[in-house]
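Asker: My questions will all concern the structure given below.
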Amino acid sequence: MLLFLVFILVVSQVVLLLLSPQFRDKFIFRWYYDEVYKPMILDNSRYRIKFYVVPVFYLSVYSYMVYIFYSRTFAIISPMLTSIETYVVIPLMLILPLFFGSMSMIIKPDSSNAHQIGSEKRYPYDNLLYFPQHECRTCKQVKPARSKHCTVCNSCIYLADHHCVWINNCVGMGNYMYFYSFLCSNLLLLSYSFIRLIFIQFNKSAYNTTPTGEKSLLILSILCGSFTVILAVYCYFVFELVNSGMTTNEKDKWQMVHDYINTGDLVRDPEGKYFIKYQNGGNNYEFYSTDSYDGTQYTIVDYFTVKSPAEITNIYDKGNFINNLREFIG
């Protein structure tokens, strides 16, 4: 009964939190929006303990699954495990996600607040996604190529990918290796556990168990299988970006460029500079730089319409997955 009441309380708070922006003109929602939603969600400077909710959730689920394994299933399946699995493989695979997860949280990426000498000049400006001599509107420092300001970390992150809520840290120059290792170690543990548990359950004659033990095996198998699929899909998208030589932040920028190409609005002048073409009645066009900081209207007479992404070179792509991976973790 107590758990049910707690569940109802949590669900009601989540519903109020999600609906308060849309119905903030209503009394109860207005109060919730002003006193809870704004300080908890919109204001990153207040209640910063909120950023640890997701890491604690991950650790709770992880601990629960380990508890089920050792308290309810290990004794059942141990006769079918080899000594290497029992004393080396399983303990090691249980430790690695915690180790790499901790390192991903602790190791901060290079940023405008703290970075190695020269790291801010590591990448050239491509004059399509990134432009020189731009000052970050928030931290008031020159923005290096491939950087992005993070409102949670309150700094410009070099080689910025994204702010990961699972580790409460930005993924960027200096901690890609730990983040990728965190993903892979979790995927390895989950997939191994799922496959091993399924194999064991198909050989029920080799062990004796109670209905409770059978239920625990089933719960653990479902959890491992579900998380394996989710994490495998996510890892695929992460490493597909690596293969393309781009970050998550750059993927969104490239998507915008591709949208302009599809509509025939991205053009290039004889000097190789890119502009966005806007129709201004009839055959009249206005031209603006792809630089969001530059609001100047340009007059261009001679230009070439970019018709395919293949006509644009991603100067940050090193040609293959291995070289790009070295670039990220190097």
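Just so it is clear, glycine is given a Cβ too, placed from its N, Cα and C backbone atoms.
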Asker: Kindly tell me whether the record in Swiss-Prot places Val36 on the same side of the membrane as Glu311.
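Answerer: Going by Swiss-Prot, Val36 and Glu311 are on the same face of the membrane.
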Asker: Do any residues of this chain, six or more beyond the ends of the transmembrane segment (219-239), have a C-beta under 8 angstroms from a C-beta of it, and if so which?
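Answerer: Those are 65, 68-69, 73, 180, 183-184, 186-187, 190-191, 193-194, 197-198, 201, 321, in sequence order.
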Asker: Calculate the per-residue pLDDT averaged over the topological domain 'Cytoplasmic' (22-50) and state the result as an integer.
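Answerer: Mean model confidence (pLDDT) across the topological domain 'Cytoplasmic' (22-50) is 78.
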Asker: What counts of helix, strand and coil residues does DSSP assign across the topological domain 'Cytoplasmic' (108-181)?
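Answerer: Here the numbers are 9 helix, 15 strand, 50 coil.
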